[in-house]
Amino acid sequence: MSSKPEPKDTHQLNGTGPAASPCSSDGPGREPLAGTSEFLGPDGAGVEVVVIESRANAKGLREEDALLENGSQSNESDDVSTDRGPAPPSPLKETSFSIGLQVLFPFLLAGFGTVAAGMVLDIVQHWEVFQKVTEVFILVPALLGLKGNLEMTLASRLSTAANIGHMDTPKELWRMITGNMALIQVQATVVGFLASIAAVVFGWIPDGHFSIPHAFLLCASSVATAFIASLVLGMIMIGVIIGSRKIGINPDNVATPIAASLGDLITLALLSGISWGLYLEQDVWQYIYPLVCAFFVALLPVWVVLARRSAATREVLYSGWEPVIIAMAISSVGGLILDKTVSDPNFAGMAVFTPVINGVGGNLVAVQASRISTFLHMNGMPGENSEQVPRRCPSPCTTFFSPDVNSRSARVLFLLVVPGHLVFLYTISCMQGGHTTLTLIFIIFYMTAALLQVLILLYIADWMVHWMWGRGLDPDNFSIPYLTALGDLLGTGLLALSFHVLWLIGDRDTDVGD
């Protein structure tokens, strides 16, 4: 009938009763019931009453409710009944205590991983390959940053998929695993190659010296390290996320710190070992170095084909290069700072403390970015409800002191900085790393740098994730590489500044090291 309907009985899927206002049956997220009913109006004209249903969605839920309902919002369900199957395990309502409890152990584990990486760097900086090919130091932050560019992004992406129910069936799980593992191998190979080019350029500009054997050595070492490290860490991440969901822990709280716990150590150990082994074969470099590069490049078509089979990874394969490449360039600037300071006696200890301060800052901001991204995914898709996303930079009070769950987690993560770094500094002191004396004034300057780094990163994360979401970009793929790279640059720069000030005031006492 063509008469305009007056009243519409709108029945929600969850059975809460009629809606407060009329709704169009072709609105987003709603499906019409089959058939209509006819009634006679006061003038005898037929009035068509359309009964519609709406899909349950999380757009009206507050943040705590959204976290409680994770995993129960299935995009593939067209069932009109109110009965739902058993939802996958979801975390309890998160208080500050529960967030801190879940984050604490992975945070400490990740911190000890960065301490171990710092101790390794403190040792290998005296190796002949690091002394003769100093551009390897420029590779260190760039390759260690791969855990932010690739592994942490993978962890955030899979954590979101697990929380919204996209890894509940074996078929979905296998598709997510194969697609994402192939994707990070493509990204690791390309980023490793670009990182070596950046190291060559940054090493050549100040000195004006270019060595072809050293350039091939850097390329082979970087590509091989990035590939192997991403393969190992990617497999670990998948196991962590699947296990955390089975025991009822929010993967956002544990996946990214664990990605970093072994990431720095494994990556640095691989870089040191591979570069040292290739350096020993420098007499036949014209055969060995190009062959290593060609082998990993030849595998690229295989990984591209596998990554294209999954819709989620296909999009990242085409559009996800900008953040990882820019983040690699940012981290390389931090590597240039490290290269210029690590051999200066006035900056003794930079080698052992740099992975720690960079790793802790990157771990904490990755947890926060992953949590905010998961919350936004529970309320829709990127670009939806953009009017609810802040268009301006949030105030620090909103980021750290508002009552919502993301502000609560920011406070918890910020409060972990001082006790965490005290534990890590004590561990380094007990292991006699860094060839430096931990005086009170050094600890004060170090803590100031660490707190300022994390404060800036958490504030930028709050703005960046919402800004990217409002522009239709998935923060899981775009935000974490930028944030961890900024963490590397801020950490290295602030630490170098602290060491320089301490040297000026005469508080840098160094021990004789090997």
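Just so you know, glycine gets a Cβ as well, placed from its N, Cα and C.
The feature compositional bias 'Basic and acidic residues' is assigned by TrEMBL to 1-11. Annotation comment: TrEMBL describes 1-42, 62-92 as region 'Disordered'. Residues annotated as transmembrane segment in TrEMBL: 99-124, 181-205, 211-242, 254-278, 284-306, 318-338, 410-428, 440-460, 480-505. Feature annotation from TrEMBL assigns domain 'SLC41A/MgtE integral membrane' to 140-274, 354-497.
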Excluding the flanking five residues on each side, which residues at least 6 beyond the ends of the transmembrane segment (284-306) place their CB within less than 8 Å of a CB in that stretch?
178-179, 181-183, 185-186, 189-190, 192-193, 213, 216-217, 219-220, 223-224, 227, 278, 317
The domain 'SLC41A/MgtE integral membrane' (140-274): DSSP-derived helix, strand, coil residue counts:
120 helix, 0 strand, 15 coil
Long-range Cβ neighbours of the transmembrane segment (440-460) (under 8 Å; 6 or more residues past either end)
353, 357, 360-361, 364-365, 368, 394, 396, 399-400, 410, 413-414, 417-418, 421-422, 425, 483, 486-487, 490-491, 494-495, 497-498, 501-502, 505, 507-508
Among the ranges 99-124, 318-338, 480-505, the one whose Cβ pairs under 8 Å to the transmembrane segment (410-428) are most numerous:
99-124
What residues in the same chain, six or more past the boundaries of the transmembrane segment (480-505), come closer than 8 Å to it by Cβ-Cβ distance?
141, 144-145, 147-149, 152-153, 156, 256, 323-324, 326-328, 330-331, 333-335, 337-338, 341, 346-347, 349-350, 353-354, 357-358, 361-362, 365-366, 369-370, 441-442, 445-446, 448-450, 452-453, 456-457, 460-461, 464
